[in-house]
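Notes follow once the structure below has been shown.
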Amino acid sequence: MSAGGGGGAFLLLPSISDSIPLHSRPNSIDSSRPSKKSFCFDCRAENERFQLLSRRRIGELRVVARVRLSGRVRADVKSEPYDVADTVPDAVKFKDAMVALDEIVVEDDGLESDSPWWEQFPKRWVIVILCFSAFLLCNMDRVNMSIAILPMSAEYGWSPSTVGLIQSSFFWGYLLTQIAGGIWADTVGGKLVLGFGVVWWSIATALTPVAAKLGLPFLLVVRVFMGIGEGVAMPAMNNILSKWVPVAERSRSLALVYSGMYLGSVTGLAFSPMLIHKFGWPSVFFSFGSLGTVWVGAWLSKAQSSPLEDPELLPAEKNLITSNSISLEPVKDIPWRQILSKAPVWALIASHFCHNWGTFILLTWMPTYYNQVLKFNLTESGLFCVLPWLTMAVSANIGGWIADTLVSRGVSVTTVRKIMQTIGFLGPAFFLTQLSHVDSPAMGVLCMACSQGTDAFSQSGLYSNHQDIAPRYAGVLLGLSNTAGVLAGVFGTAATGYILQHGSWDDVFKVSVGLYLVGTVIWNLFSTGEKILD
């Protein structure tokens with residue numbers, strides 16, 4: 001042991017006996033070119049104790065450790081061609097104290113520095129990006145009908161009531177698979193369910209022109225099938241991320257995935273008119289539907305339902321995920337009585353209903369509002385409809401990073417969820433009340449964009465809460481609450497038409513603001529960020 005500069009000290013582990021025959025020494029290691037490895041230890045200055053988790057290695061270990069009382073130790077290890085015994089001295093005297101080296105992360109020779117960046121990219125974020133792209137396709141395939149329905153209705157002579165029937169038929173299938181998709185994902189795994197959903201809705205999208213030519217009943221059936229496929233997407237995604245993403249990264253991972261929906265709407269609204277203009281309306285369904293095959297290929301080769309099932313997952317990342325997660329095994333039985341007896345579950349369902357009432361109204365009726373109130377023509381209305389989606393995509397990710405930062409700094413998950421969802425409720429409520437006072441189209445568009453931008457903070461509030469309170473049943477919980485959310489969209493859209501026949505847009509916004517305020521009270525009184533179901 002020798003003293004070093006800079007206030008540190010050096011530690012030399014004794015070499016291993018070289019009594020092993022030369023012929024048993026491996027030839028693959030070049031002793032003239034020792035490989036360097038880097039180790040990190042936790043240093044406790046109070047007692048200067050360390051424990052060493054040794055593993056069987058080939059070579060003589062010469063560990064030179066520079067101890068800094070600030071809390072970090074770095075060690076250089078050189079390997080020479082000797083077989084190492086299974087054990088190492090369990091204590092070394094250092095400044096008259098027993099030193100045991102505790103945790104050691106061993107890196108393979110040169111792999112980290114020599115391997116390309118994409119092999120070092122965290123696998124859990126590969127899963128997140130694949131889910132993001134699935135949701136991008138989901139909304140691309142959903143919104144293309146809102147554009148293609150115009151030339152389709154002109155070609156087939158559909159009345160407005162028939163157009164409304166076709167548009168609403170999607171939600172018939174979508175409602176059917178919310179809870180069923182959650183049960184399926186929690187019991188058999190999210191990889192299979194989400195893969196099934198993308199394949200199913202992609203086929204339905206591609207078959208839409210064929211069904212339209214065969215007749216209205218065939219088109220309605222295909223639209224229902226498409227809703228069935230997209231209905232399993234959110235529960236399956238929630239199930240997968242509950243197993244793959246630690247709580248400290250939960251908000252931003254979900255925000256990124258949900259922003260895929262917003263960007264999918266932007267992409268669908270932007271490319272559909274161009275495709276229709278150049279190739280005709282069937283090209284939208286054929287081209288968008290074919291993209292699903294590309295995604296499925298990547299999904300089947302890269303994704304697993306759980307980290308425990310992934311043979312390519314590095315041990316360090318697996319330890320990070322499993323040490324911050326619950327049981328990763330599929331659920332065998334759903335404890336319905338226990339789930340439905342919890343107040344936070346009902347708070348989640350009620351808040352989802354209140355949230356989606358206002359959200360669906362804005363997104364469904366926004367072009368009409370722009371045309372009737374702000375006096376935009378149809379082209380301008382379509383253009384300005386893109387802005388709230390873009391705002392939501394940006395705001396959702398900002399909110400996710402804020403939420404995860406607060407959690408990592410020690411703020412309780414309950415407090416973070418309540419803060420983010422309160423913004424998601426009161427922000428839209430405030431900006432909707434300002435719409436009755438705007439005196440220019442620009443201010444009207446700004447209020448709409450700000451309303452939807454603050455609404456997106458809900459991705460770090462109620463949309464993250466399913467994994468907080470019941471991570472093993474996250475798919476089922478999302479199915480329950482999203483069923484309420486879809487019903488709010490269906491009833492809210494219909495109620496808005498009734499209100500406009502007998503009242504004004506101010507009355508429409510008052511109902512939405514009232515539900516936002518009710519949701520705020522329910523959420524802050526009964527929600528929690530703690531796990532309530534094992």
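The count begins at 1 with the first shown residue.
Keep in mind that glycine also has a Cβ here, set from the backbone N, Cα and C atoms.
So that you can see what the record holds, here are the features copied from TrEMBL:
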TRANSMEM  125-145  transmembrane segment
DOMAIN    127-531  domain 'Major facilitator superfamily (MFS) profile'
TRANSMEM  165-185  transmembrane segment
TRANSMEM  192-212  transmembrane segment
TRANSMEM  218-241  transmembrane segment
TRANSMEM  253-273  transmembrane segment
TRANSMEM  279-300  transmembrane segment
TRANSMEM  345-366  transmembrane segment
TRANSMEM  386-407  transmembrane segment
TRANSMEM  473-500  transmembrane segment
TRANSMEM  507-526  transmembrane segment
Touch test for the transmembrane segment (125-145) and the transmembrane segment (345-366), at least 3 Cβ pairs under 8 Å: no
Dominant neighbour of the transmembrane segment (345-366) in 192-212, 253-273, 279-300, 473-500, by Cβ pairs under 8 Å: 473-500
Tertiary contacts of the transmembrane segment (386-407), as residues 6+ beyond its ends and Cβ separation under 8 Å: 247-256, 258-259, 262-263, 265-266, 269-270, 362-363, 366, 413, 415-417, 419-420, 423, 445, 448-457, 459-460, 464
Interface-richest range of 218-241, 253-273, 279-300, 473-500 toward the transmembrane segment (192-212), CB pairs under 8 Å: 218-241
